[in-house]
Amino acid sequence: MKLGVCLFLLLLVSGSADSRCFCQVTGDLDDCTCDVETIDSFNNELLFPKLQTLLESDYFRFYKVNLNKPCPFWTVSSHCGLKDCAVKPCKPNDVPEGIRSSSLHKYPAESNEQRGECEQAGRLGAVDVSLSEETREALLNWSKHDDEAERFCVLEDEGSPDSQYVDLLLNPERFTGYKGPEAWRIWNSIYEENCFKPFTIKRPLISNSFYSSPGSEAKTFHRWLEGQCVEKRAFYRLISGLHASINIHLSARYLLDDSWFQKTWGHNVSEFRGRFDSELTAGEGPKRLRNLYFLYLIELRALAKALPFFQQPSFQLYTGRAEEDQRHKELLLHILQLARSFPLHFDETSLFTGDEKEAAKLKEDIRLAFLNISRIMDCVGCFKCRLWGKLQTQGLGTSLKILFSERQIEALPSSSDQRPRFQLSRQEIVSLLNAFGRISTSIRELKTFRSLLAEDG
Ligand SMILES: *[C@@H]1O[C@H](CO)[C@@H](O)[C@H](O)[C@H]1NC(C)=O
Ligand SMILES: *[C@@H]1O[C@H](CO)[C@@H](O)[C@H](O)[C@H]1NC(C)=O
Ligand SMILES: *[C@@H]1O[C@H](CO)[C@@H](O)[C@H](O)[C@H]1NC(C)=O
């Protein structure tokens, strides 16, 4: 649909749910010289299928993460709180007596209702940390390899004895039942306290029920945003895009049917509309979707810029199986070359550059805000949400690290006896590609939602 038609529909404040979600999600994107349609076909037809294949490889499916760090900002006091929600779900009193005593029939179908949201959230939110003996041994071999390779810093998480490997394919990002005040508080503190926003400006988007969002506050907020420098505006939009992406996954892999003999996950159109329909979100929904595209472009740009790093002959996707490792490296390089070939990149000469002193300050501001957001992820009560939250913030952080390091990457030495000034750890590489994989999947899912909404009328 062309922008003109779209605006016309907006003025009429009518049109189908389809056009209400996607109305502004067409044509050119702000701060960028690219349009949504080009991104859609590039992603859905070219990039997405190849990326999926790559992410299923052993190198990319095992992510090392510390899920047991305490929340540094507040006590996580919710009933399904931090520790082992899945193993010992909730307080005993939250679970009806009949179920507690019949531990042999752990999840009898008829008492599904009574179990209540609390236990359900624990069960669905649990992270499966199981790995086969063989995998465990192989991973030991990999870290030995990584330790021998030269690195310039070890991320706090990666080095911690509490960190463990998680198989991402066993733990898909999907609906977990994690919602309500606690989940709300996480996003709220990310937006309220970590988006360079003065307290006098009220955020529109976040409220306990996403059906109510006051219109005039939204206007003030967006006016404020307009006045910001491009980087701070970009930062807000990246976070908003990440939030949109996560919500798309939860709507696309919603728990539609939950009984003890089967679980069905699938698209829930009304959940999607609740988050993105302009009528149900006081006009915010389509902006969130545009921010998702913006995030996509930033991460795509970072991948393109990182190509020289991955092209170094010494770089391996090491799993110890030389032939397979070589094949996966070729696939990775192919994907990065595709990213490089994408014609309409946003203009990063206007982003992350400018007056050198000012740029350095800004870079530091953004780095600190980012660090803080990843610490907020330790406050997420649902482990599976925490896993994907950490992975995606780390992936985005790695993208920004790449964008800010353009000069160092270009100056990478061609011979291996010089110490390179730019490095990425295995954990950064895994999160970079998997985070982008999530955004790429979201863009692909939008196509499905578009047609589901069109059917609904
Ligand atoms: C780990 O490395 C050792 C010694 O190089 C080798 O014998 C063993 O097969 C490797 N294990 C796996 C699972 O790759
Ligand atoms: C980090 O986030 C916390 C919690 O939202 C907030 O209280 C604190 O002011 C933030 N610190 C910085 C340096 O942004
Ligand atoms: C879809 O999500 C809504 C909440 O947005 C929920 O009320 C409804 O039950 C869900 N539909 C199905 C089939 O689970």
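Note: Cβ is positioned from N, Cα and C throughout, glycine not excepted.
From a predicted model like this one, the values you see are computed outputs, not experimental measurements.
Here TrEMBL flags 1-19 as signal peptide.
Taken from TrEMBL, the feature disulfide bond covers Cys80-Cys85 (among others).
Annotated disulfide bond per TrEMBL: Cys118-Cys153 (among others), in sequence order.
According to TrEMBL, the FAD binding site annotation covers Arg174, Thr176, Trp187, Ser240, His243, Arg275. Classification of His243 (FAD binding site) by DSSP places it within a helix. Long-range Cβ proximity for His243 (FAD binding site), meaning a same-chain Cβ under 8 A and a gap of 6 or more residues, is found for Trp187, Arg288.
Cβ contacts within 10 Å of Cys385 (disulfide bond), excluding its own Cβ and spanning all protein chains shown: 23. According to TrEMBL, the feature disulfide bond maps to Cys382-Cys385 (among others).
Per TrEMBL, active site, nucleophile is recorded for Cys382. Within 10 Å of the Cβ of Cys382 (disulfide bond) there are 27 other Cβ atoms, across all protein chains. For the recorded site, Cys382 (disulfide bond), the DSSP three-state label reads coil.
Taken from TrEMBL, the feature active site applies to Cys385.
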Residue with minimal Cβ packing [other Cβ atoms within 10 Å] among the binding-site residues Arg174, Arg275: Arg174
Listed binding-site residues Arg174, Thr176, Ser240, Arg275, filtered to Cα within 10 Å of Cys382 (disulfide bond): Thr176
Three-class DSSP secondary structure - Arg174 (FAD binding site): coil
